[in-house]
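The block underneath contains the structure these notes are about, expressed in structure tokens.
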Amino acid sequence: MTLMRSTVLAFGLLASSSLVAAGPCDIYASGGTPCVAAHSTTRALYNSFSSPLYQVRRASDSATINISPLSAGGVANAGAQDSFCAGTTCLITVIYDQSGRGNHLTQAPPGDFRGPEANGYDNLASAIGAPVTLNGQKAYGVFVSPGTGYRNNVASGTARGDAAQGMYSVFDGTHYNGGCCFDYGNAETNNRNNGNGRMEAIYYGDNRGWGTGAGSGPWIMADLENGLFSGINTGNNGGDPSITWRFVTAIVKGGSNLWAIRGANAASGSLSTYYSGARPRVTGYNPMQKEGAIILGIGGDNSISAQGTFYEGVMTSGYPSDATENAVQANIVAARYATTGLNSGPGLSVGSSVSLRATTACCANRYLAHTGNTVDTQVVTSSSSAALRQQASWTVRAGLGNSACYSFESRDRPGSYIRHYDFALQLNADDGTKQFREDATFCLQPGFNGQGNAVRSWGYPTRYFRHWANVTYTASNGGVHEYDSAGLFNDDASWVVGAGFA
Ligand code: AHR
Ligand code: AHR
């Protein structure tokens, strides 16, 4: 026992002293459990990695650009993305595998569930939904809205059958929901639910359909197919805590009748083990029958209801030791993940009354207003009726779902806010739900046509306030709805924010 302890301690010291400059995958390799997939839009996960981290595509001309680290082992060159995407919108098209195995993640295809694209594929993530800083340098995570997903069905080197693997991810602990299933990890190769034990991925969120932990969530759980597991029991395991950190390190690892859930604040401190032991006591999970595909943001069968934010994550070959993972956690903490503003350009003053004027040639005398519960545009002047002037005036509030952005409260119906529902803009009373508050939260960026501002949905950052036939939507720049049409998008989605009429 004494001998074992000192061996572990010696390894821990070795890991933290001789690997000071090592990236997460260098640490896993020296622990004998190398990365077989390594994904991050924020930084290199090997000390020597300097190749592209991810690819973005802009809407204006469908051109793509690869974003690489600023230096080997360093933080992504977010400035290159910002220049490339100026005046248009960008989507993350590829998240490259840094392991050298070519296990890149791309737009997930339809499975048991179809994605929202016309061809059944899932949506791609906005390139700007999840800005952060690492050691003071700006980078972007992958902001997954419901409907968004990435996958690789032909991954090489990932665990198959009952073989052992490790996984960690860094997530935004405050961005989650109860939908199925915000996952990163090992899943079916055919996008379908092939039965118990066919997948083994990290899950993050407050889904209560299968497992739960202590409190009301969100929890780190293991998605093992037909079940999210928080420990040995199906259902509740009190050892799996609700997570409250902004940045979360989430770990799931699994071998032969042995698996574990571990977690930590990704910005400080060390990992705790929330479960370690035998496979769940239900048929089909021992032995496991992992298939080895890789998913991000979706369930194994392409369930697309979940949301969350992914910054970095890896899958390993072999069952990593706790000591190896502890050294990886120290590396993540040293990367110094921190929040940064969600708005770009000058902000709005909370409490002020504003108007938003359309800038498309057809409609430059029209303002964002409401008629009943419908948010539309109307011709308004200072001599319009008092009622209309109020209907076209909005009180700026701190974002109900994220105070780094804004909500727009009705002037004539205090307590009611602009929110999207089925992507149409509506005026509804705040019902206090997380869903309402997120639907009513919008972030500002410079207008696409050089005028005013674009108003981006916090929860669906590919979508912006847009007028279409004089009613309004959160529209994407090209997409399945008529109002997503790329023609005139830049004008329709740019608004001059001025003083309110009332
Ligand atoms: O195990 C939970 C979910 O169940 C899986 O992600 C999905 O494939 C199935 O719907
Ligand atoms: O507007 C899109 C979604 O539609 C909203 O998030 C939700 O409230 C509704 O189902």
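Here the Cβ of each residue, glycine as well, is placed from N, Cα and C on the backbone.
Keep in mind the model is a prediction, meaning the values are calculated, not measured.
As recorded in TrEMBL:
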{"type": "SIGNAL", "residues": "1-22", "note": "signal peptide"}
{"type": "DOMAIN", "residues": "24-338", "note": "domain 'Alpha-L-arabinofuranosidase B catalytic'"}
{"type": "DISULFID", "residues": "C25-C35", "note": "disulfide bond"}
{"type": "DISULFID", "residues": "C85-C90", "note": "disulfide bond"}
{"type": "DISULFID", "residues": "C180-C181", "note": "disulfide bond"}
{"type": "ACT_SITE", "residues": "E225", "note": "active site, nucleophile"}
{"type": "ACT_SITE", "residues": "D301", "note": "active site, proton donor"}
{"type": "DOMAIN", "residues": "356-497", "note": "domain 'Alpha-L-arabinofuranosidase B arabinose-binding'"}
{"type": "DISULFID", "residues": "C405-C443", "note": "disulfide bond"}
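For ligand 1, the neighbouring recorded positions among C35, C90, E225 are E225, by Cβ distance under 6 Å. The secondary structure of C85 (disulfide bond), as reduced to three states from DSSP, is helical. Spatial neighbours are here defined as Cα atoms within 10 angstroms of one another, and by that definition the neighbours of E225 (active site, nucleophile) among the recorded positions C25, C35, C85, C90, C180, D301 are D301. Calculated from their C-alpha atoms, the gap between C35 (disulfide bond) and D301 (active site, proton donor) amounts to 25 Å. Between C90 (disulfide bond) and C405 (disulfide bond), the C-alpha separation comes to 20 Å. Cα of C405 (disulfide bond) to Cα of D301 (active site, proton donor): a distance of 34 Å.
Here C443 (disulfide bond) is compared against the recorded positions C25, C85, C181, D301, and the shortest C-alpha distance is to C85. Remark: C180 (disulfide bond) has N207, G209, G299, S303, S305, A306 as non-local neighbours, by Cβ distance under 8 Å and separation of at least 6 in sequence. The Cβ of D301 (active site, proton donor) lies under 8 Å from the Cβ of G111, D112, F113, E188, N191, R192, N193, each on the same chain and at least six residues away in sequence.
Mapped onto three states, the DSSP output places C25 (disulfide bond) in helix. When the Cα atoms are compared, C85 (disulfide bond) and C25 (disulfide bond) turn out to be 30 Å apart. Cβ neighbours of C25 (disulfide bond) (same chain, under 8 Å, six or more residues apart in sequence): P34, C35, A38, L45, Y46, Q98, S99, V314. Across the domain 'Alpha-L-arabinofuranosidase B arabinose-binding' (356-497), the DSSP tally of helix, strand and coil residues reads 22 helix, 62 strand, 58 coil. Within the same chain, residues at least 6 positions away in sequence whose Cβ sits under 8 Å from that of C181 (disulfide bond) are A201, Y203, G205, N207, D223, L228, I298, G299, G300, S303, S305, A306. In three-state terms derived from DSSP, C35 (disulfide bond) belongs to an extended strand segment. Neighbour density at the Cβ, taken as the number of other Cβ atoms within 10 Å, is lowest among the disulfide-bonded residues C35, C85, C90, C405, C443 for C85.
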